[in-house]
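Visitor: Got these off TrEMBL a minute ago, pasting:
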DOMAIN    1-262  domain 'F-BAR'
REGION    289-329  region 'Disordered'
COMPBIAS  289-302  compositional bias 'Polar residues'
COMPBIAS  303-318  compositional bias 'Basic and acidic residues'
DOMAIN    344-421  domain 'REM-1'
COILED    351-385  coiled coil
REGION    417-488  region 'Disordered'
COMPBIAS  417-440  compositional bias 'Basic and acidic residues'
COMPBIAS  479-488  compositional bias 'Acidic residues'
DOMAIN    491-552  domain 'SH3'
Amino acid sequence: MSWGTELWDQFENLDKHTQWGIDFVERYAKFVKERLEIEQNYAKQLRNLVKKYCPKRSKDEEPRFTSCLSFYSILNELNDYAGQREVVAEEMAHKVYGELMRYSQDLKTERKHHLQEGRKAQQHLDQCWKQMDNSKKKFERECREAEKSQITYERLDNDFNATKSEVEKAKNQLYVRTHMVDESKNEYASQLQNFNTEQWNHFNKAIPHIFKNLQDMDERRTVKLGETYRSFAEAERRVVPIISKCLEGMVSAAKAVDERRDSTIVVESFKSGFDPPVDFPFEDYSQNLSRTGSDGTISNTPKVDRDVSSGPRSDPKHTMSRTKNKLWLFGKKPKAPSLEDFSHLPPEQRRKRLQQRIDELNRELQKEQEQRDALNKMKDVYEKNPQMGDPSSLQPKISETICNMEKLRSEIHKNETWLSEVEGKQSSRGDRRHSADNHHHTPQGRESPEGSYTDDTSQEHHTPHHRSAPTHPNPDPHEFDDEFDDDDPLPVIGHCKALYSFDGQNEGTLVMAEDEVLYIIEEDKGDGWTRARKQSGEEGYVPTSYVEITMERNSKGAVTYI
């Protein structure tokens, strides 16, 4: 439906309507601006929230609990989610708000041009109408004057008293007026024809063309609004797949929470290596009292107490001194000064801290070695090409690097000595404890090829038939009370690959298949046997010649098999 034919007389209303259309575009643009500001503020608040709850400590100090790691994964996903909200805001800013504001300015310019053309056409028609109206009024005046002249002439012509000159004068006046009426009549007819032509052109050509342009402009405005509505929705719909992945990542993080793993980490983090305190022996202070048959209090001492007191007794003072520093559960943990060798820590924690320090020192040593190699290469280049630099200028730095390496090696050796000390104590404690616990009922041949028992009490290792097993004298049950006990499995010091299959028929040996990979937990002591552990946790001895061994770097204090 065309505005030019249907609304030919509604110029003022179309003027108002097109202005309303531009105002509506700007109103929608304002809405989009406020909407994208909401997205920007939402994203900013999400990022601040993530920053607030992100760990402030370094990664090495962060807890390894799955619940914590999952929460940090959720924070990372939420940070990515905030980034997608920023993308939405940016899309709305450029493809919707910015586009609308540019289009609004174009609309204003185009509307102004069309309305100016319409006003010019209306002014031209008004001018033609004024000219036609003036000629009409002139023709009307000339006719009235001619009628007056005719009446005057007829009156004088019939008056016998009028002179001939007066009659001639009136006649000439009538002639002049009649001539002027003819001229004004022709002028009026011409102007009327011209106005009718211009009016037809105005309402059938000019106005329809101008209104058609205004209609096209308004329809384009409507189409543009529809496009920006779609862009408004697409800005958010495009990020929905990525947001879904963020939410899926949060769900995956939730599924990764493992309560058993966290419990194991708690044990590994806080395990001291101490044994629980032993039972206090019954101390019978009534032994020196004379007993009578009437006094049943002393003689009726419970049998279990008498057994305890009558058996081999340990020195109570010795027992107290052994346990007094272990009863932290029942009192405040004693404060100990921080020592360089971490001897103020429990055995297991000391081992971990020493191993951590050795790893750090090795990393520093590796950096120094790389720097030394780079300096030596540069020195060689300078020696071959003196124009590039003086080789002697690099010597101080090389010497400094070598000095640093020596210091680091010294530190590593010192820490490895401490680590060997704590691991040796743990190993000897385990061997001696099992020997003391089992020397009354252990049959011959139950010792391992090294003459010691493994820490895994669920397995019994036996010496291979072609190997002698040294025996140990029966130790005092309390001989090693002052030692720290530790039931942890032996640490992994390397791994090996089976070159041949081994049936492991003898007790204490381990069955292995060809190409099977095992953990090394004890080196060959020169007797041709290596102690290994399967991935399932089963331990035993395998022939050293049957395996290809790869020792871990800094094997002392290697990661403990869990």
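Using N, Cα and C of the backbone, Cβ positions are placed for all residues, glycine too.
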Visitor: For the domain 'SH3' (491-552), what are the DSSP-based totals of helix, strand and coil residues?
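Guide: Residue counts in helix, strand and coil order: 3 helix, 30 strand, 29 coil.
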Visitor: For the domain 'REM-1' (344-421), DSSP counts of helix, strand and coil?
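Guide: For the domain 'REM-1' (344-421), the helix, strand and coil counts are 72 helix, 0 strand, 6 coil.
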Visitor: In this predicted model, what is the average pLDDT of the coiled coil (351-385)?
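Guide: Looking only at the coiled coil (351-385), pLDDT averages out to 89.
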